[in-house]
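Colleague: Got a structure for you, written out below as structure tokens; questions coming shortly.
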Amino acid sequence: MARKIGSVRIEVLEGRNLVPMDSNGMSDPYGVVIVGDKKKKTKAIKHTLFPKWESDNCFEFDIDVNLLAITVEVYDWDRFSSDDRMGLTNIPVSQIQEYIVDTTKWYTLQPMKPNDKVSGEIKLKIRFDKDKTLPPPEKSPFIKAIKDNDTQAIELMMNKAKLDYTICDNEGTPAIHIAAASNNIPLITMLLKGSDARVSIRDQHGNTPLHLFVQKNVSLNCEDIINKLIERGCGINDENNLGETALHKACLATVVQKTTIVEQLLQKGAIINHQTKTRDTPLHYAIKVGKVEFVRFFLQNGANVMIEGGKPSRTPLELAKELGNPQIISKVEKVIEISDWLNELQLETLIPKFIKNEIYMDVITDINEGTLDLLNISVSGQRTKLLRAVRKIKDPLSLSSNSSLRSNSLIHVENDNNNNNNNNNNNNNSQEQCNINNDSLGSGNRNSGGFKAQNQNNTLNNNNVESKSTGNLNSLKNIHNVNNDNNEDKKNNILSPNPIPASSSAPAAPSPVAIGSNTTTTTTTAIAATTTTLTTTATTEDKTTTESTTPPQQQQQTTTITPTKTTTVTPEGPNLDVSDLSVLKHINLDSDSWVIDEKTLTYNVLLGTGASGKVYKGTFNGQEVAIKVLKSFTDKKDIAEFKKEFQIVSALRAPGVVYFHGAGIKDKLCIVMEYCSRGSLYHILKDDTTQFTWDNFFNLGTQAINSLDSLHNWTPQVLHRDLKSLNLLVTENWTVKICDFGLSRFDTGSNLETLGKLRGTYAYVAPEVYFGKKYTTKSDVYSMGIILWEMTYRCIKGTHLLPYAEYPHLKFDYQILISSAKKDVRPTTPENAPESLKNLIARTLVKDSTLRPTTLEFYEELLKIRDEYNANREQWDSIRTIPPQQLPKPIINEEIIPSIDSNNINNNNNNNNTTVTSEKPKLRYQPSNSNLLNNNNNNNNNDSDNNISEPATTDSITKPISKVKEQLLTRTRSSSSPMEPKSIKK
């Protein structure tokens, strides 16, 4: 037991200017005093921001040598949910020991967690009473000899008798720990020679002798001692009671020390990013104690600068800025800058080499072929990309004139007069021009959709001039990675190679207008998703423009300018080619075998419509497929999202993921995937005409978790980020497949900022995502936990309920998100649900993500619960409620039974806002057994009568089948909630 040094008396007096937590602008504050593992709290003072505690507010505690600080926390009492955090203050024991008389002070409240809203102060009265009793003399001569560093006495004792190395001193510290902390190398060596020396034992703080040795030792010749301690049982990554490893303790050495011991620990297998119970890494410790050389060494050896740790949680850079150490701030910032730069270039594998050799952005322009040789960078593609990027930093304009801007459009200029000299166009200011976005450093994208009409001499034939229109889209071979969402909105405009004269006016892309004094121009294009007719009359002195909207079926854009020259633009396809997609990281594609000729696709049924495109049921090579078509193929953000989804679906070949057949990139951007005939899990749960039994529950539930596990175990790891029952599809043979990877990301360094953004359907979003923390596998587990709750409720209650629908005051998704993240509100599991199932759901939905199970643990636990069900089927089945419409019915011939046909279901919901269409209901009978797994009805209707030919553009499809209507369904909760399909009307 730790030695007592005194006692402290703390009186919580009052607070002022506290943060309002209730809707009425008030709070119900109370205080909690924490000393070690002991807590005592005051009563709550109702409806005030200036509380005064006058009773039950005085507490006394004993203080021992191990206590570092006393904490006082303030909370807002809440009758119906968890209490809200209002702030805390930490008072060091060293400061408290100075308060030998009653001392009253105001203490400013700090946030308990980074995003907490905190204000105000709390007034405390503190007095410290020192313990005047002297420690008793050591009873053991062995302990006394160690503390006196008497090696001769110890050697005599070892020769005379067998010594007990586990004997402790008066404070409970074992003999071997006292020796390890003595900084006496001969003494420690002598003890370790004892064959019975047990060095794996722990002291009262959970430290091994290795913990104490690396903290107290000042000798550089200590490798033999470390080796012997490890050989005798000290684990290199063993944790003490605070979660500290030997590497953490080495950072706390009280004397100025080189990194020798730290180097030795890493060589022995110490985990450089190991986190304590407060999530601190060794890098955090080195920053806290201000050891610049340690920080430098950790950074050079792979320390993660994005890990948050401490209380409140901070990244290493945030911590360094808070402590105000300019040297450490500079080193951490340099590492972040070079890492971001290499990530944008998709060269993250080179980050360790650059950091190890301290090649940061301040010297990046000095890189040449010789530097790359010294760094042992031999891959030609990496060398080319690096040298190109370095040239762009030196001169951002140097590459713009050589850029090859792709386009599939031709501009045909028809001149009614005898114009054989294109220079007349320039004299009349008729040159078409648009800005080209720079792909310079830090800009993830170029602007797409703009094009420039360039008159070309020597192409005149029968008064026709053909000139090429060049589109502008980033090629990932030559510019930075677009995986980071934060890059999408960065735009750096530069002058094009042939800038417009100052007197000219350049219209905005994607519909450039030729401005001239005596010209008539007609432009036809399929670039824009919305079709318009533009009539423009312009002279050098006066320009007027009128715009009217044409019917959606008319896919042309006409621009009329008075009077004599006509320009026709042929429909422009996507500004993408094979190289744009083949160059993406992590994809498993050979050459261009994945490219699908859109002419081989047949569009049969419109399954759903979202903000960025549509999903069709169709055929490819005689096989039913789902075709996801991008609505706009010139919007740079849409194209970037298309690339991201393509990158995920083309890379994954897991059995629990919808199969990727290929993609079309010529006439339209589309992804062709496996068609799942039974639709989504959401629609299966929503179908209230069919029973959802425990067998269904366990069969689909285990498959769903297993499918998620296949994503998390992929290399590199995939995070779905939008997991919900609507994105779990079910095939004809009841196999669960995960779909909709529009928000999914690889868990790599290039996606760190993206993974910290709020994404997904709010009812399924984990609390940490709301607070801006990085999205992890445990965030996906939370979403799967909500899905498991959804299935549990449907199985027990017999009806489907959306998550949080039992709370009538939560009408909008943002209310759900705030309540779940800040109030710890969770969907209510049925009271009669089996206890094991309730516990599993609760574990997956716990606020602390580190306490949630992994997908493997989740899967294994559900299998155990399934075994429990199989052993107690009657008991489990007895708690289920079966509505009358789900009871077995006799076969009724020729009866039309409304149901959710598989073709009615959105096979790949590409957006939260989804328009669902359905097919004509078919004749079928109600099976005597309503079990879903025994329902063998053929859901694949013969759609031969409904086939339609491929549209010229995706937006011309308003009725994929003449007998089918698109029905937009709305809900009062939010547009991000799942849509409900309805039967088709003729």
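In case you wondered, yes, glycine gets a Cβ from its N, Cα and C as well.
Per Swiss-Prot, Ca(2+) 1 binding site is recorded for Asp22, Asp28, Asp76, Asp78, and the stated evidence type is sequence analysis. Annotation comment: Swiss-Prot describes Asp22, Asp76, Asp78, Asp84 as Ca(2+) 2 binding site, evidence class sequence analysis. What Swiss-Prot lists as Ca(2+) 3 binding site is Asp78, Ser81, Asp84. Marked as ATP binding site by Swiss-Prot: Leu607, Gly608, Thr609, Gly610, Ala611, Ser612, Gly613, Lys614, Val615, Lys628. What Swiss-Prot records for 439-448, 465-476, 948-959, 969-978 is compositional bias 'Polar residues'. The domain 'Protein kinase' annotation in Swiss-Prot covers 601-870. Residues annotated as region 'Disordered' in Swiss-Prot: 412-520, 532-574, 901-986. What Swiss-Prot lists as repeat 'ANK 1' is 137-167. Here Swiss-Prot flags 171-201 as repeat 'ANK 2'. Look at Swiss-Prot and you will find 205-238 tagged as repeat 'ANK 3'. Residues or ranges marked as repeat 'ANK 4' by Swiss-Prot: 242-274. The feature repeat 'ANK 6' is assigned by Swiss-Prot to 312-344.
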Colleague: Run through Asp84, Leu607, Val615 for me and report the binding-site residues whose CA is within 10 Å of the CA of Asp78 (Ca(2+) 1 binding site), in sequence order.
Modeller: Asp84
Colleague: Quick one: Cα separation, Asp22 (Ca(2+) 1 binding site) versus Val615 (ATP binding site), in Å?
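Modeller: That comes out at 45 Å between the alpha carbons.
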Colleague: Taking just the CA atoms, what is the gap between Gly613 (ATP binding site) and Asp84 (Ca(2+) 2 binding site) in Å?
Modeller: 42
Colleague: Compute the average pLDDT of the predicted model within the repeat 'ANK 4' (242-274).
Modeller: 86
Colleague: At the level of the C-alpha atoms, what whole-angstrom distance separates Thr609 (ATP binding site) and Asp76 (Ca(2+) 1 binding site)?
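Modeller: Taking the Cα atoms only, Thr609 (ATP binding site) lies 45 Å from Asp76 (Ca(2+) 1 binding site).
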Colleague: Would you mind checking how many other C-beta atoms are within 10 angstroms of the C-beta on Asp22 (Ca(2+) 1 binding site)?
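Modeller: That number is 13.
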Colleague: Relative to the Cα of Asp84 (Ca(2+) 2 binding site), which of the binding-site residues Asp76, Leu607, Val615 have a Cα no more than 10 Å away?
Modeller: Asp76
Colleague: What parts of the chain pack near the repeat 'ANK 4' (242-274), using Cβ distances under 8 Å and only residues at least 6 beyond its ends?
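Modeller: Hits for the repeat 'ANK 4' (242-274): 205-208, 210-212, 214-218, 220, 222-223, 226-227, 230, 234, 236, 280-283, 285-286, 289, 291, 293-294, 297-298, 301-304, 307.
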Colleague: Among the binding-site residues Ser81, Thr609, point out the residue whose Cβ has the most other Cβ atoms within 10 Å, with all shown protein chains included in the count.
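Modeller: When each Cβ's neighbours within 10 Å are tallied, Thr609 tops the list.
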Colleague: Please spell out the DSSP helix, strand and coil residue counts for the repeat 'ANK 2' (171-201).
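Modeller: So the repeat 'ANK 2' (171-201) is made up of 14 helix, 1 strand, 16 coil.
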Colleague: What three-state class does DSSP give Asp28 (Ca(2+) 1 binding site)?
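Modeller: Reduced to three states, the DSSP call for Asp28 (Ca(2+) 1 binding site) is coil.
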